[in-house]
Amino acid sequence: MLCALLIADRAYALNEIDLTPAEIEWLQNHPEIKMAVDIDWAPFEYVDPQSRYKGMAAEYIRLIEKRLDIAFQIDKKRKWPEMVKAVQNRDLDIFSCVVRTPQREAYALFTKPYLTFPMVIVTLEGQGFVDGIQDLIQHKHSVSVVKSYASHELLVQNFPQLNLHPTGNVKEGLEQVSSGQVYGFIGNLAVVSQVMRESGLTNLKISGQTPFRFELSMAVRNDWPELVPILQKAIDSITQEEQDEIFNKWIRVDYSQRVDYTIIFYTVTIGLLIFGFILYWNRKLKAEIMRRHVTELNLKRSKESLDKAQAIAHIGNWDWDIEHGSLAWSDEIYRIFGLSPQAFAATYEAFLESIHPDDRHLVKDAVAAALEDPNAEYEVEHRVVHPNGEERIVREIGHVLRNQHGQPIYMRGTVQDVTDFRSTEEKLILSKLVIENASEAILITDHQGQIIDVNPAYEQVTGYSADEVIGKNPNITQSGRHDASFYKTMWQTIRQTGKWEGEIWDRRKNGEVFPKWLTINTINNRRGKISHYMGIFTDISRQKSTEQTLEKLAFYDPLTSLPNRALFRDRLNHEMSLTSRTGGALSIFFIDLDRFKYVNDTFGHDVGDELLIEVSNRTVHCLRKSDTVCRLGGDEFTVILPDPGTAESVAQVARTIIESLQKPFQLKGHEVFIGASIGIAMFPTDGDNFEVLTKNADLAMYQAKEAGRGTSRFYTPEMNKKSELRLMLEADLRKALELKQFTLFYQPKIEVGSNSVAGMEALIRWIHPKKGMVSPVDFIPLAEETGLIIPLGAWILETACAQAKAWLDATGRELRVAVNLSAKQFQDPDLLENIQATLARTGLPVRLLELEITESVVMDDVESAIETIDAFKALGLYISIDDFGTGYSSLSYLKRFPLHSLKIDQSFVRDLTVDSDDAAIVESIISMAKAMGLAVIAEGVETDEQLGFLEQKKCGHIQGFFFSKPLPAEEFAAYVESCDPNCSTE
């Protein structure tokens, strides 16, 4: 169906130029039409160094292709004589533009001419007027002509007695004339004028005409007569406006002739002297006069063409009679200078008056140099000022004529308005500079996908130089990581939308595969067709490395490299799903180390960390490859045993682990002994979901510890001791809320560098009437589990805001107070309304309240979390991620949250001066935060070395015992006052 639609659409387009059904069918049956062109025949046609087909004929061919909805296959390799032979042999099918000659009629059929120019005679500047080809024959002058060109064939056929010297091209023939090797050259006016100008052959002139007009047609192999009327209809459809546009673009004629009346003079003189022969010569003289009249008409027609060409090209010619001081301008120069012939004095001085005052010295110097040095030419670029104040930029070129004594007597030349050209040139230079200095790599291809330019950033990123890739397809850097369907989808998107953007992996010249972020855009020409593609990309290797580091932080324990809590959850859920489908069982262990705190406190964190690493290694060695060991944090480990077998085999695995861990550890010169308590829960017997199963395994572990440690326990329903204690603590907690047994401590946040207090974190403390101060570690999890965290959190928020407002009123100093939000608080649908109400009651400005949220809280429901945090930010609250790096530190998620700051967890800060991994993680987090525009605060700073490291890495704020432990409100106020004598919170 699609094919049928395309054919129908094409047929509709072809019918617009009245092709018959038979002609349309012929085109459809001949999709491949091979074209012969002259690759070195400017301005008619040529192939530039980038293998692009250009010229007047090329413009017509493109219009014909558009009219007929076809694409000719253009041969850009062979030289012209080879092209001619190829058409004769039918290796090629058509000529783009040729002169019709009898020789060519033997093997080709022709359209009507669509380009026509006179064929002229070129001689040295000092030679006289050439009275046609017979004049050349009579004086036996040698004449160069391009071999195999129509001019060559016509002259050989019509003037066999002419002394011809065939050459390879027009430039070669004109250079033979310039150097005196031959007397003249015969060729068409357009090509001759262009080559003379571009080659700087200023000692040549067009001195005569020939009886031939240079008429160019398209030609078709004579066994394809059907194609001739098709092409003719396409040519006839080209409008006069389109023809004028082509002529304006390509024709730059520098052409001057003068009529030599010498023959007329001598004829008249002879007539007067030999009056008796008047009647005899009368008939011959009339014929001569008629021929001269025709010549003058041709010259007039050529001058009209020259005037038109000058107006189109904004080029005028001038003559300066130095001896008499007169200056003659063509009409175009008056237009360029904005003057009228009536208002111009036609002198050199008047000419100088029209030049911009700042540029007059340039013209004077150029004129003086040309007049003084016989080998110098006059060439200068300057500004002219129109009477209305408009400025234009012109370029002048001239040649000095001298008498037999070498004195300058005459000067002639041209003026061209180059204002638009210079403006375009400046824009192109600016665009090129922008591309060359862009930090992003840029490459530009043609519409066929061949590279035509790259910038230095591309060379730097890929390792390829511009010369190595220009002319090639961008796929030279493909890495092989993407399959064909990936690129197919990419190009479908580009064709449909004009743009594609995404991540892609490529290969550098040295073989290294790297990731980049690539944007491809299409560039359309004036007709709305794709002419180029532009690719812009950035090497994202560093960002990917950072993301991989954070991904590792998200799922693996940085100390032991074991799966962390997040990955434990994922793997356990996965194993439970598999087990449910197979009808089997699995077992999980909760392992808690005995005496670990003692070892850590006695021998230091270094020994404690090394112990944890050794524990993980020994545990792994006790298990199968299919089993999973995880570290949840601190000295807590878990094990997942898929298909564990009998209860006895499970117990045996637990005993093996316990016995392995009871053996002595040799750590930094110390022999250390510890033990382990293991709680065991079976799926699905002891729980059919993650929460229940892990809770029961945890409960079994506490039973093992209470049983004397160094042992294991299977979960049983009778294990209620811990639950009873939990219920007692819950009752005390509820009573504490009623009796207001809670208080808030405040720990300052210090600005690095100034050491000034920038804010504080509110931390709750429970003053139990019997147990004294109860750590938040003991009651916050219980409050979270029971839902008491909601009223407790509301009290914390109310108290912290009221205290911060009191300090603000007392000192005028704005200190932002940070309050931690628990998971249940964050999920409370009334949270935002409660915060607004609290701020309204206490009067604390919203900007002075900071909410700290842990990673695990926001990752439970990402989309909902984003919506909630957006609402916080819209209200004006300051949002921070607490304990960053210990949970779901995934860049792909993190960058979606509208945050203000990150708080680096103290577990990384603690050993960063002695542990290169911790230092690298901290540095990576700081760099990543800066890239995302987030502030950074490090908690747990206890030493001067830690402070120095963080200050060096440009961490903005710190919090820790190095400056102050958490303080009651009164002591905190005193601390702030001691840090800043001018600020009192009393």
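Here the Cβ of each residue, glycine as well, is placed from N, Cα and C on the backbone.
Since we're looking at a predicted model, the values are computed, not measured.
Summarising the annotation, TrEMBL assigns domain 'PAS' to 329-374, 434-473. The domain 'PAC' annotation in TrEMBL covers 378-430, 500-552. Annotated domain 'GGDEF' per TrEMBL: 584-717, in sequence order. Residues or ranges marked as domain 'EAL' by TrEMBL: 726-980. Per TrEMBL, transmembrane segment is recorded for 263-282.
Note on the domain 'PAS' (329-374): its mean pLDDT in the predicted model is 90. According to DSSP, the secondary structure content of the domain 'PAC' (378-430) in residues is 12 helix, 30 strand, 11 coil. Recorded stretches compared: 329-374, 378-430, 434-473, 584-717; the one with the most Cβ pairs under 8 Å to the domain 'PAC' (500-552) is 434-473.
In terms of DSSP helix, strand and coil, the domain 'PAS' (434-473) has 15 helix, 10 strand, 15 coil. Counting residues per DSSP class in helix, strand and coil order gives 29 helix, 2 strand, 15 coil for the domain 'PAS' (329-374). In terms of DSSP helix, strand and coil, the domain 'GGDEF' (584-717) has 58 helix, 40 strand, 36 coil.
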